[in-house]
Each structure stands twice: as C-alpha cells, then as structure tokens.
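Scroll down for the structure; my scribbles are underneath it.
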Amino acid sequence: MTDADLAAHLAEVAGRILVNVRESGLFSPKALGKAGDQTANQFLCHALREVRPQDGLLSEEEKDNADRLAMSRVWIVDPVDGTREYGEARADWAVHVGLAIDGRPAIGAVALPGLDGGTVLRSDQPVALPPAPEKLRMVVSRTRPAAEAVAVAQKLGAELVPMGSAGAKAMAVILGQADIYLHSGGQYEWDSMAPVAVALAHGLHCSRIDGSPLIYNQSDVYLPDLLICRNEHAKHLLNIIAEVVAVA
C-alpha cells in the first residue's frame, strides 16, 4: 500500500469509527469528545506503528517522542480535528493523517465523515477547483474569529463564513465553499499538516501569514498562523495582512 493510499484509508476508517462511537448513544457530548479522541487515536497510532514501524509519529493525543526529530519521515495525525463539533453532531469536523518528509508536508488525507456520508480529500487525487465567485469568502472560527482575519476581510470586502475545525475550513477552499482561510489564533502541527498537503496538491497557496513556508516535524510543534487561499489572491492578501499586522 502506498503512503497516500494508507493515509486515505486510515483517515476514512478512523472517521467511520468516530461516527459509530457517536451513534452508540452511550456518551454525553462532553464525554463523547474524549471517547472519540482516544478511540480514533488508538486505532491510528497502532496501525501506523504496525505498517510503518520505521517512521516517526506525532499525534495530538500521544505523548511526544523526541526521536522523531532525527527521522526523515514522520506521520502527523489529528484523530478528531474539531472535537466540539464532533460532540455536537455537526458536519464541520475532520480526521487528519499526513506524512511530513524532511519537514515538508508531502502526503495528506483529510476525512470529513459528517459531510455527505463521508468524504476524503487526498493529496494524490486532486480534484478541479470550482469556479471562483465574484465576492470573496473567508472561513473563520465559528466561536472566536481572529481579529486579524476580520480586519483583512473588511479590507477585502470579503464575506465571513463561520466554520468549525481547521481541516473543515481548509477543505472548504478546495470544495468551493470559500476562497480564503486565514488563521492567526495559534495552532499546532497536527492542525494543519495534512490539510496543507492536500491544499498544496490542489494548487492552492499555503504559507505562514508573513509568506514564509510551513515547516513540520519541529521540536516546538506550535504553529501560530496559517494562510490557505487560491493562488491568484495570495500576493494581494499577504500585502493586506502585512498592513493589518503592522497596525495591530
């Protein structure tokens, strides 16, 4: 099985497991998030250690092991991206399975189990982007939109589209539900690695908000900010972001 096939298969199966856990009816919404995280994480980590024993592994739900820093190939997973949305039985949550090679987001799969019976977007099977509308749309957090994102949207005259998880927001740009995903409220490597790999494969611009590249498998896994957008908007967006940040 290729790395890309493995990533997609694991993301899809983990998504099905999570739906089954939720549909069991045994957990309150708060307990459901924890149960789902732990169950999906156990499956993903056991599977990766079984079929890719020589690779490193970084998961939101696992204690970090510094041995990965010496490895070229490191799997980076988020078993439930959007735990709140998952617990509330919303559609905007995701499962991330990605492979960083020498710090680069090389392969990724993002499962959206709550969308149309389950959708998996893959870095090795890009689909055509829908035509862009005249009015720009920017996805932002549905609970705490970053001030910088709101300010940039105002300068662009862009419509704000509230949405849950990071993976759902990133995939919204590919699916034609948005044109820009700008985040400046702080994230970790597992929040963006797989989505960025998928977005790059679809020809989108992906960077830090200062335009610098996104580098993974670092000792400090905190990634403060992220920009994913259609390439034709990237230069203008980065200029506006720089203006907004300068006066913040």
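Note: Cβ is positioned from N, Cα and C throughout, glycine not excepted.
Spatially close to Glu60 (Mg(2+) binding site) yet at least six residues away along the chain are Asp37, Asn41, Val77, Asp78, Pro79, Tyr188, Trp190, judged by Cβ distances under 8 angstroms. Glu60 (Mg(2+) binding site) carries neither a helix nor a strand DSSP state and counts as coil. Taken from TrEMBL, the feature Mg(2+) binding site covers Glu60, Asp78, Asp81, Asp191.
The least crowded of the binding-site residues Asp78, Asp191, judged by other CB atoms within 10 A of its own CB, is Asp191. Counting only same-chain residues at least 6 apart in sequence, those with a Cβ under 8 Å from the Cβ of Asp81 (Mg(2+) binding site) are Trp93, Ala94, Val95, His96, Ser165, Ala166, Gly167, Ala168, Trp190, Asp191. Under DSSP, Asp191 (Mg(2+) binding site) is assigned to a helix (H, G or I) in the three-state scheme. Those same-chain residues not listed among Glu60, Asp78, Asp81, Asp191 yet with C-beta within 8 angstroms of the centroid of the Mg(2+) site C-beta atoms are Val77, Pro79, Val80, His96, Ser165, Ala166, Gly167, Tyr188, Trp190.
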